[in-house]
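K.L.:
Residues or ranges marked as domain 'APAF-1 helical' by TrEMBL: 39-114. The annotation repeat 'WD' is assigned in TrEMBL to 207-248, 249-290, 299-333, 383-424, 425-466, 508-549, 569-610, 664-705, 807-841.
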């Protein structure tokens, strides 16, 4: 059947024969057949229907149908049927598994080309934002449905274009059985509020695949693909339209420090802290050459000449090396930094020449910039006016002017021929982190540690605009081509889009770590950002503002509905680190490192009392009793004080740094944590001296010292006996402590007796509040330990499981049967305590920092490190 130039035949590994017509022949055939083509599409689909195949249940063994069903439905005129399956999360999951990411997105685009359907467009956006998370967690049953429903809560709200669709998804999610579900999967916990990044806003794609910070970012010359370099040593290439990782370049064993692309985009060179540069072809991602410098040095910057034959690497040994790429050999070495500077050459730029090898411009840690003849290696000029490291250099279009940026807070325009200064660009108050040329070269853009970026006129040296809007350093600045926009990336976790004159147009929020790099597409429609959180994000500036429901604030929430309650005023001078409900939930107590303690009405947010913020040593640890009558504070200088909160007065100073207080022998090392019993009668201090002390809050007397830990105590929690009252309802008489000796110890607070000793073999990083006699701890490196708070005997048990990833916080349900473990990877796992089986999973957009159960509703409350609060049902 094969016919050269017309039809090719191929046999797949499973024995199936594939007929592959050439595209031009296929298009010619379709044109010749005209309207008759529709009949053939319908006949093909009808043949499947006669065999009992429906769109909702395509056979897994038929990859052709999964790949091409959208094409045949559109060809047959069954557009409504295609729309139906594109809005069905179960079908989308099936296609994703059978045909992959690219084919799935292609079906959406095929439909959208014929119909401007806002509902389908929103589902596609939600899908592209979710795909990386869904593919990373195949064990979560219904995760795609949960993600889509969670990301379309604003768009599918009352009156929204997908209101009926969302109601159907909620009904389907409610029918998911208790874990484990059929097939061994784990059910997904669904969010009750729009706390996930919402579709229909600025954020269009979230590209996940790196495991560490993404610090390098490039757009290919056509600007269709995104290239990201990470501290994990990998370089990924992403399709900007689909969001698929189309190439992954491996080989480096250190962080990627620099990248450059050839003029035609066919070749990529990456430099790394491992001391190598690697050249990859961009069609398949194959590594063509490895360029290795001497052991112990690292590469700070890479550049490639216009021919793509010579690569230049700037190294920490003070040299720039020119490499013949075909031979992977050094053909020339340029000494560009004094040998006594360990960071060496930090940056470089090339000045192309039609008549020769051109010139090479370098910036170094010896505060100098130098110009070399790239062909001979001869030094042509030097610019030595900077007073600190030169971190960036660029060549201006007239080819006789260069601009350099330095840690001395200035940039300088100077002559390549002589090194003489033309203009000093002064105005920043912090070191300069990045330097860019605006399109046309008439403006220079700088990004600074002072939290701003600036635009400078090349001809006059005057500052044209200042770009603010950040609360931390600005690490990158990107011009917007024809649109004249400017994007800045900051350590505050945001990117900001500005007009050329400096007005803030958009603030892009969503990353959970510092934003290291930004790029604008040539037309200025999209911004691409790279972050410390390991993700790359694409933002659509033509979209409406991001519809987020949560913001950074101290706020009371209704745990049953996720609705926002009272917002506390900005009273503390530093972020709130401790918060607890008191007086049966009628009041809230907050404390901050500023030494301020606030008592608030939980319903209105009105301040009822507390302790005013103070000067001096910061607050290290805080605890309050159940009625907000007494509290105990520990400062970083290890001063421990018991307070009468109602009168805002100190009762007793239990411990002062440097010796005993009030004739009481204090700890012999720093105090790490303080606790107080619910009735306020006793306070406890846990110290680096390996002991815990029990204090009488009325007299200030030390009642007993708990000894046994062989190293510093890191923390502890109070608990009621297993047969005692509900947590918080009565007197806690048990104390669970953990220390650097990798042990957990359970104490009787009244007698000081050691009741149980456990050795989990790894250091404990977090403890859950004990519930109904169940104890739980998170272990270093990932893993969870649970045990019964009962004396050794038939009722005692202990379990540990490691298949839970890194855990930052954990919480037990009120009855002690379930354990929630939240991790910095954005995943919360719900475990059945007695069987140690996974009962549920939630996957968020950012690292999860804390979690807690609502005792009345069973809702799990989860906080994230980009300010969202998730209310999860299904636990």
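Here the Cβ of each residue, glycine as well, is placed from N, Cα and C on the backbone.
Not measured: the values here are computed from a predicted model.
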K.L.:
Hey, which bits of the same chain come close to the repeat 'WD' (249-290), Cβ under 8 Å, at least six residues off its ends?
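P.N.:
Same-chain contacts beyond the flanks: 212, 215-216, 218, 220-222, 227, 229-237, 296-304, 306, 308, 311, 313, 315, 323, 325, 328.
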K.L.:
For the repeat 'WD' (569-610), report the average pLDDT of the model, please.
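P.N.:
Mean per-residue confidence for the repeat 'WD' (569-610): 93 out of 100.
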K.L.:
Looking at the repeat 'WD' (508-549) and the repeat 'WD' (207-248), are there 3+ C-beta pairs under 8 A, with each pair at least 6 apart in sequence?
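P.N.:
With 3 or more qualifying Cβ pairs, these stretches touch.
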K.L.:
By a Cβ-Cβ criterion of under 8 Å, what residues six or more beyond either terminus of the repeat 'WD' (207-248) are in contact with it?
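P.N.:
Result: 101-102, 105-106, 128, 131-133, 136, 254-261, 263-265, 268, 270, 272, 274, 280, 282, 284-285, 513-514, 516-519, 521-522, 526, 528-538.
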K.L.:
Using DSSP, what's the helix, strand and coil tally for the repeat 'WD' (249-290)?
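P.N.:
Tallying H, G and I as helix, E and B as strand, the rest coil: 0 helix, 23 strand, 19 coil.
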